[in-house]
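These notes concern the structure reproduced below.
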Amino acid sequence: MSQKTPSPPGELKRDIRALKGASKVARIPVKVEPTTERQRKPHWIRAKAPIGPEVLRLKGLLREHRLHTVCEEASCPNLGECFGHGTATFLIMGNICTRRCPFCDVAHGRPDPLDAEEPMHLAQAIGAMGLRHVVVTSVDRDDLRDGGAAHFTHCIQAIRTQSPQTRIEVLVPDFRGRMDRALEALTAGPPDIFNHNLETVPRLYKAVRPGADYLWSLRLLARFKEDHPTVPTKSGLMLGLGEELAEVEQVMKDLRDHGCDMLTLGQYLQPSLYHLPVRRFVTPEEFDGLGDKAREMGFTHVASGPMVRSSYHADRQAAGESVV
């Protein structure tokens, strides 16, 4: 049977745009009122423009291997910097999510079937880039019996075969209702770092993470740690959505109580006027203070700063270097 030719990038982008923004957040429990204009950012929020020869080279390589990155699909403000250094966070299992989180710019809809060749294409691209540390994440796939955990494992195994020296970090969804099956699938090829983001404080979950559960996410981190005690676990929070600093500190404590080793704290930025607004811009000094408290609590690796994202300079995070 002949293989279906992928849609040209322009056509794919037009289709995806219809699944973002207003249409995505139209049916969530807590209604998001569109803002009328972009908020002015403080001077400490600066991002590199996504242009330059290395950015174009990496985009070409990704299209050649029919791969997506969360950098592009989620409109990450650090895309220009990361692509400019030849690094990317790979987004597997397509670029259409089964969830409607109003902080995220990834499209919502009915996902395509899994691509059985994606692990091979992913491993080839990573080999071509010569990456020493790679981050692999995914959309939520509530349509799959294991939430896509086996596909994660296939990708990890393919990368290890192609690039045995590459350190593999996975940023996984919550595998809602499928934790046992997902964790069992991951035992066949555990990563070097297991990351699952809590994203925000429990009080804001209904508005920020509709369909997710704070305690479930904590249990996922703890259960993986029980199964793989030598593999570091990691989580992250976005700040500026209306949380109190005391609530953030309590989440940090909850993470430590559930065996989490690594932590990222960054500023939430509104992807579009239809997404959740920024309630406030947390100062660099506040990020520094939270980072100090996290280290006092026993986190082995902490990245805390306005432009920090879960996978921002993940190689340096894993090495224990300061990332802000």
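In case you wondered, yes, glycine gets a Cβ from its N, Cα and C as well.
Taken verbatim from Swiss-Prot:
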type	residues	note
BINDING	C71, C76, C82, S311	[4Fe-4S] cluster 1 binding site
BINDING	C97, C101, C104	[4Fe-4S] cluster 2 binding site
DOMAIN	83-300	domain 'Radical SAM core'
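The separation of S311 ([4Fe-4S] cluster 1 binding site) from C97 ([4Fe-4S] cluster 2 binding site), Cα to Cα, is 19 Å. Around the Cβ of C101 ([4Fe-4S] cluster 2 binding site), 21 further Cβ atoms fall within 10 Å across all displayed protein chains. The two recorded residues, C101 ([4Fe-4S] cluster 2 binding site) and S311 ([4Fe-4S] cluster 1 binding site), show a Cα separation of 19 Å.
Cα of C104 ([4Fe-4S] cluster 2 binding site) to Cα of S311 ([4Fe-4S] cluster 1 binding site): a distance of 15 Å.
Model confidence over the domain 'Radical SAM core' (83-300) is summarised by a mean pLDDT of 94.
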